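TrEMBL has this to say about the protein:
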- 449: active site, proton acceptor (ACT_SITE)
- 162, 201: FAD binding site (BINDING)
- 158-267: domain 'Acyl-CoA oxidase/dehydrogenase middle' (DOMAIN)
- 309-464: domain 'Acyl-CoA oxidase C-alpha1' (DOMAIN)
- 500-677: domain 'Acyl-CoA oxidase C-terminal' (DOMAIN)
Ligand SMILES: Cc1cc2nc3c(=O)[nH]c(=O)nc-3n(C[C@H](O)[C@H](O)[C@H](O)COP(=O)(O)OP(=O)(O)OC[C@H]3O[C@@H](n4cnc5c(N)ncnc54)[C@H](O)[C@@H]3O)c2cc1C
């Protein structure tokens, strides 16, 4: 077994196994090689290549790293990004053309750095997934040179959508771009304080280029929001150009290595060709031309071209959940507190059912989320071109699933991170155990790439629209085919809670039921007497929190469960592995029923809820001998884990090593004499 572990987990090859490691890896019963291989296959090989490159490029960074000056930290994130790309050029033979042709896959793989250094991966994502992708999807032949320069990092880009006054409501941004036909240029202005572009990653100190969203005006008439390519810094001097006032956004709750900046334009001119003109242009006569005449529709095309960031955030959210729970599990398998039996050795905290119930279901849920997100990435990479057309059904499907996934997974991730950090006691609070950076990223994941509450509303709309389509006899999306035209009959669960397929039927019933209940509430409010009747908007807003959003949450659980059932098929020739992986799924989805008890109440009795709780306790107990083996089968670099989470399972040794290596550990304070100045 040791040999098998070593072959898949390179970190093990140089370890002298600790007692805890040896004990924990001698108890699991599944086929490690099979499980580790299937998990690994969920992501492209390049993802792991990036991880191993970052491990190399990253060497030499000590535990005092977070104490670096902000500017040094920021330059360091850039250097790490550049060195990783250079190594990929040399070792993998990738080039600009490959990056441009495979931008989604490339960005997905660069996320391999995400939990090792969140600032660096944020810089990559802003540059490649927002800036470069805007050039690729919204630009044309005339922007090709910029596209290549972006791909090979000759230019570093920022992305300017958000303003001080408007984040989620992009259509109302106030930055203006007035067209001047005499000089063939656009004049950019930030006419108000609220129109200052704010929060832009890479802008404050490092980028030379920016894509920015602004209202296009032609002869005084507003043509709506358009996207422009804007040079902001002279690369010879690194000074910003006149007309671009650039500043730093100040300290944040985290991600100090990212230079988020703000910019105020004052009569700043850019050539007319800097309009990203895939969907519209100004012709030689100075007229506005577009194959998509309606402003709203054109805006939708611009936004659709940038989708995908949601999957990026969800994927990062699921990784944070996995890293947090894996750290908590490995630590708990080593940590002893109190003894169950008087006079006996202290008990490992992971052997307390209380501790198991706190962490193991969270690990199980994170695992199932990770599986389904990797499936969505595969879909996204395949469908990316179709997504440029928002009226394409594939685009709508992707919008529904990715918006729901981003919101729900990043919400879960924040909760999972918090519980995992608490479960490590004081160790969880030490910077050396990585919870600080993980938590800050889990936090901001809920806000950027579409604020969660704003985003999930879009999934609510699409789900309800598909139901309406079905009622009208129109085609619904495949993912909505579980909906029935008539309200489902009362349903008493008679299957087995320990059968994932039975659980899937239960979730399907409730996902359908929740949509019907939502429709019933809309209808009831629409049919009220005139004086009580609410407008369509009021009805919509009234039911979002308690009815529509839970509806999407159940829909999403059903969706991820379907993906997980599909994943289990890979183990059909490995019964023991299938059994263990099934238990992981059961634990994740049964514990969720307890969380959603209100929704399931109609078909599950109080006694059955108690039965589910018993099952969760038993599943934790049954998975206890498997769980550390499972954490080792997840192919995440050891660098993503802090001292107490490393696969060596020597938490005290690793932790004290880092503590002692932290600069200043043994220094006395410079002004120590002051300590003796008391006059009392
Ligand atoms: C670290 C960081 C980096 C960022 N990087 C970039 C970047 O590189 N480029 C860029 O363009 N932007 C960037 N952003 C901005 C980010 O995309 C926005 O913060 C995000 O879109 C949310 O917008 P907002 O902050 O204006 O919040 P708002 O949209 O004002 O939302 C505030 C609150 O109001 C609620 N709300 C909004 N609308 C409704 C509604 N209709 N109904 C009910 N509630 C509502 C939201 O749920 C939220 O809780 C970054 C932000 C951060 C924090």
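Heads up, the Cβ atoms here are built off N, Cα and C, so glycines get one too.
Take the recorded positions 162, 201, 449: by the count of other Cβ atoms within 10 Å of each Cβ, the lowest one is 162. Under 6 Å, Cβ to nearest atom of ligand 1: this is the test, and of the recorded positions 162, 201, 449 it is passed by 162, 201.
Per DSSP, the secondary structure of the domain 'Acyl-CoA oxidase/dehydrogenase middle' (158-267) breaks down as 6 helix, 51 strand, 53 coil.
Annotated pair residue 201 (FAD binding site) and residue 449 (active site, proton acceptor), C-alpha to C-alpha distance, rounded: 13 Å. Between the CA atoms of residue 162 (FAD binding site) and residue 449 (active site, proton acceptor) there is a gap of 11 Å, rounded to the nearest whole number.
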